[in-house]
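K.L.:
So that we are looking at the same thing, I have put the structure below in structure tokens.
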């Protein structure tokens, strides 16, 4: 079957996803204006077939991930999503069936997060597929949460549970038939479908001093939060929240704890909260349906954050941070 | 030599290009706010090695093109550049020398256009290099120039000269030793270094009713400007501005006129100007140092725009529009 050209393809699959200001995707640009008293927050992340996802993953899941990893950055900055641009670089063997399923998944994610498509570009990749998203969010003026704004004494908190996606990836690469199917499926699903923590935004705005999303592993990303600031941290590893599925996987192989702590693709929020805001933050997060957990404390000092196990022993990690690059 | 990881690479090559709001590229997002009474204009275009440029092109030229094609879209929308995000997907054999030269070219272009780097992402491409840019511009509220807003009777104008880049590309693919070296070099340079027509912005804002940049060829892009609007156009091909170099190339092979009119990569502005604004537009463009030329008229009617040659005969084109896709 002959495949559509770029214009036809946009009209057929992507124009239905277009939001206000997008000119129905018939223009080369879109207009976007924050509400009075607000700043725009802009972020861009790309995912590549064979690097950030498996080429054989369902196209709808790939779309969910491409948008999700960007909205996760907005959530961490305290920014409500306003829209996104899509740069779609397709391999030579793209099919309309793949594209239709991709657009359907993208549309569903876009609607459920209230984040319409504003424009973009479609090109040949000459290699694997690449899906680049630029996401736009909105914060009250001057209130974008920064990564490197923690102070000594702040409590470190994370949303949800840590390590599920990294364990899911590990199980895809090396299946473990002894792990209960429900646990395996839960971990595989977390790898496939990141869930940007947008509902945590009000609690973050009210209570957090610094925040980032955890995309390259808790250990490495915490290091990035504090690098060069004259601060370090002490983490009680036993307090790091693990899902029932992750606990089951780790019980079968204790080495998987390191995978959970250093692996990528959590898309949870890591934040530093002043001590007098801790109770308020945890309560508000709970109420918003996004459990948050205190895992340690920011301290003055240099050197990487120290992780202690349940017996109080220092933990070392062969590779602190996951890198797709 | 060991190559730097993503964080080191950003700090070394790209942090020096960062603008206000970019948090020194140490965060996952940047904040950006239009001045009061202004809208942001957002656009994204990617270029791919082997598709949009030659992998062996100078890295600095590739950077100039990646930024230039996006700023060209902003210029056509009447938007002053405010900043950009860079998605850099590198092939497995990237080198620090390549990256250093790329960043140097990007920095020079960024400074000369007053358009700082605000953030982005660096990934492995698993294939050829891909350089994606999202550019942000600013227009007075509600004043973004749209592509499809022409009316019958409007005069069609283009900036600069048409077809140079397409002829430059043709000469790279099939050298013509008979063409004078100065002409050849001028055409090759237009292909390598698009020049976004930012100085035309005030004249466009004041006088144009519709505008777009010419990236896929004059014939095809004019078709896109009018498709589905109930409008068509009559173009006097003899009035289409050609550079001395393009005229010399066409004199040696008249078939090259079609290449000039339908080939891509002009990055000139095509706009529709109400008749009573024509003289003002042309005069203001001239004053801004960007010559503009009237080439035809918008008319009521369906069907593709009609091009007439110097003898008044209708011209037909085998392929109206250049497509990289």
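A Cβ is built for glycine as well, from the same backbone N, Cα and C atoms used for every other residue.
Automatic, uncurated: that is what TrEMBL annotation is.
OK, TrEMBL features for this one:
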DOMAIN    A:27-139  domain 'PurM-like N-terminal'
BINDING   A:45, A:121  Mg(2+) 1 binding site
BINDING   A:45, A:73  Mg(2+) 2 binding site
DOMAIN    A:151-302  domain 'PurM-like C-terminal'
BINDING   A:216  Mg(2+) 5 binding site
K.L.:
Cβ-Cβ under 8 Å from residue A:121 (Mg(2+) 1 binding site), same chain, 6 or more residues apart: which ones?
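P.N.:
The answer is A:86, A:87, A:88.
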K.L.:
Filter the binding-site residues A:45, A:73, A:121, A:216: retain a residue only if its CB is under 8 A from a CB of chain B. Output in sequence order; output 'none' if empty.
P.N.:
A:45, A:73, A:121
K.L.:
Let me know the DSSP-derived helix, strand or coil state of residue A:73 (Mg(2+) 2 binding site), please.
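P.N.:
The residue in question, residue A:73 (Mg(2+) 2 binding site), is helix (DSSP, three-state).
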K.L.:
Once near-sequence residues are set aside, which residues in the chain of residue A:73 (Mg(2+) 2 binding site), 6 or more away, have Cβ atoms under 8 Å from its Cβ?
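P.N.:
Long-range Cβ contacts: A:43, A:45, A:135, A:213.
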K.L.:
Pick out which of the binding-site residues A:45, A:216 has the most other Cβ atoms within 10 Å of its own Cβ.
P.N.:
A:45
K.L.:
According to DSSP, does residue A:45 (Mg(2+) 1 binding site) fall in a helix, a strand, or coil?
P.N.:
strand
K.L.:
Within the domain 'PurM-like N-terminal' (A:27-139), count helix residues (DSSP H, G, I), strand residues (E, B) and coil residues, in that order.
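P.N.:
Split by secondary structure, the domain 'PurM-like N-terminal' (A:27-139) comes out as 35 helix, 45 strand, 33 coil.
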